């Protein structure tokens, strides 16, 4: 068969990374990214981009560990390259603090991040409300530059990037051999996934260049993540809330919570408020499916539902999705060669 045509629907961090992995594993493919929104207007642009995984109850831990390890290894290599600044990736050290000692003192990702250890008594004095903490170094991804870097990489490999609203995956069957669904929260409408729900996140992006270390409350709600140019302060996790309008009361609450962890933030300047809808479900949907109508078949690979943990596992899930695309193409090539017989 001629070069297989693959469409990737969605241009957040998952869609762009998946397109890149497909090109890397299947160079003979012709890949097109289709989306009605690109950076700076994606959910990924709002994300803090810290590599601290959250746990998916419906996905085996060893699988999540593998996804995180692959993502960390990939971004760590970029952070050690001349492209680190353009891609917006850098190492950042800091603390995760708890009011009470957690059941799990060693999270599943503790041996992937660098230098993971319990905090000393002297360090904990900085956080009088907290009695236990973990210190480690991880990677921080400044999301808008990273998305633009991924787009640039894709264009350099000949991937087509098109603005297009896809209302139904089936509308692509006459143009593409395989379709990859990386539509994020849009998958709820696109494929009718009722297990998918939004978790609204509101964050502040502030100018506070003296803040060099991240601080995260163990409950995951309050966090301070220094980026290259701005510090992200968060946050909220509001299930089933579809509102993209910033809430002034929430802004004040986030600011006050972050200042209680890092009082110097009272001097932060130029506060910008961002809202995103995390595409959440019990487990990431990462699987093959074949749609068929009237004897015509369309192989689909789904890769969405990453919730708050998308940046931490995006490369690992993209590699797996690319492997599934390879399986779809092998099946198509097998059936086309049988047809010739």
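Any Cβ shown, glycine's included, is placed from N, Cα and C.
As annotated by TrEMBL, signal peptide applies to 1-19. Annotation source TrEMBL lists domain 'FAD dependent oxidoreductase' at 5-324. The FAD binding site feature in TrEMBL is assigned to 43, 44, 166. Taken from TrEMBL, the feature D-dopa binding site covers 223, 278.
Look at the binding-site residues 43, 44 and count other Cβ atoms within 10 Å of each Cβ; 43 has the fewest. Taking the Cα atom of each, residue 43 (FAD binding site) and residue 278 (D-dopa binding site) are about 7 angstrom apart. Every protein chain considered, the tally of other Cβ atoms within 10 Å of the Cβ of residue 166 (FAD binding site) stands at 19. Once the Cα atoms of 43, 44, 166, the listed binders of FAD, are compared pairwise, the greatest separation found is 19 Å.
Just so you know, the Cβ of residue 278 (D-dopa binding site) picks up 24 other Cβ atoms within 10 Å once every protein chain is counted. Cβ-based neighbour count (10 Å, all protein chains) for residue 223 (D-dopa binding site) stands at 24. With respect to their backbone Cα atoms, residue 166 (FAD binding site) and residue 278 (D-dopa binding site) stand 20 Å from each other.
Cα of residue 278 (D-dopa binding site) to Cα of residue 44 (FAD binding site): a distance of 9 Å.
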